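> Dumping what TrEMBL says about this protein:
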- GLY24, SER25, GLY26, LYS27, GLY28, THR29, ARG137, LYS180: ATP binding site (BINDING)
- ARG50, ASN71, LEU72, VAL73, GLY98, PHE99, PRO100, ARG101, ARG141, ARG152: ribonucleoside 5'-phosphate binding site (BINDING)
- ASN105: CMP binding site (BINDING)
Amino acid sequence: MQNEVGSFPPGKKITVVFVIGGPGSGKGTQCSMIVKHFGFTHLSAGDLLREEAKSDTEQGMMIKNLMHEGNLVPSELIVKLLLKAMLQSGNDKFLVDGFPRNEENRQAYDKIIGIEPEFVLFIDCSKEEMERRILNRNQGRDDDNIDTVRRRFEVFQESTLPVVQHYEKTGKLRRVDGAKSADAVFEDVKAIFVQLNTQANQGNSVSRAQSNPFKRFLDLFCGCFGTQEATN
């Protein structure tokens, strides 16, 4: 399936960060701020599915029918759409919003794309606060009524929290308190991404030094010379 879409050039460094949070946790707001400050491409699995469902293709019609009937879209298809969007973006840094939603999503991603996320940003927010935000917002969304909202919470608890727990066990989870104001949450988020940039820059410096034999020789020569001077 990956070959149908394409793949990244061998050896190219691709940075992927998953952003997970319950409905109303503020994922979209934080993703917008991250894009603005750190140059990531923001990809939402839900948006990609809705966009594809608008097309007149056979695949688009299938997705539209599945979503209309309330059935889950196959994970491999979601991952295929993600990979296609990543390749078309021309970028090498990606925020994948609202994904993986369940263990099947995660396994399909590992199988098809296989780029390990640098970390998973989990915007942790209480059910009561998320419910208050959703019911107070005025976005004209059909799924903002109380019954649907509570059902979405249930799905998140049952399907997505096991994914959060998986990444917590592997040391990949970065948890922030989503109950704060958007700006206060972003201060915590920003610190995490600054650390990622620092690690990337250090890694690039090491790689450049290792790939330059003359510089390694010069460093060794200067080190030896400096030692002799100190002795004399």
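Cβ atoms are placed via backbone N, Cα and C, with glycine included.
Bear in mind that TrEMBL entries carry predicted annotations, made automatically and left uncurated.
Note that the structure is a prediction, hence the values are computed from the model and not measured.
Help me see these features in their spatial surroundings.
Long-range neighbours of ARG50 (ribonucleoside 5'-phosphate binding site) (same chain, six or more residues apart, CB within less than 8 Å of its CB): MET67.
Just so you know, the Cβ of ASN105 (CMP binding site) picks up 23 other Cβ atoms within 10 Å once every protein chain is counted.
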> Please tell me which one of the binding-site residues listed here (LEU72, GLY98, PRO100, ASN105) sits closest to SER25 (ATP binding site), measuring Cα to Cα?
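When the Cα distances are compared, GLY98 comes out closest.
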> Of the binding-site residues LEU72, GLY98, PRO100, ASN105, which one has its Cα closest to the Cα of GLY24 (ATP binding site)?
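The smallest Cα gap between GLY24 (ATP binding site) and any of the binding-site residues is with GLY98.
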> Return the member of LYS27, THR29, LEU72, ARG137, LYS180 nearest to ASN105 (CMP binding site) in space, with distance defined Cα to Cα and candidates limited to these binding-site residues.
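Checked the binding-site residues LYS27, THR29, LEU72, ARG137, LYS180; minimum Cα distance to ASN105 (CMP binding site) goes to LEU72.
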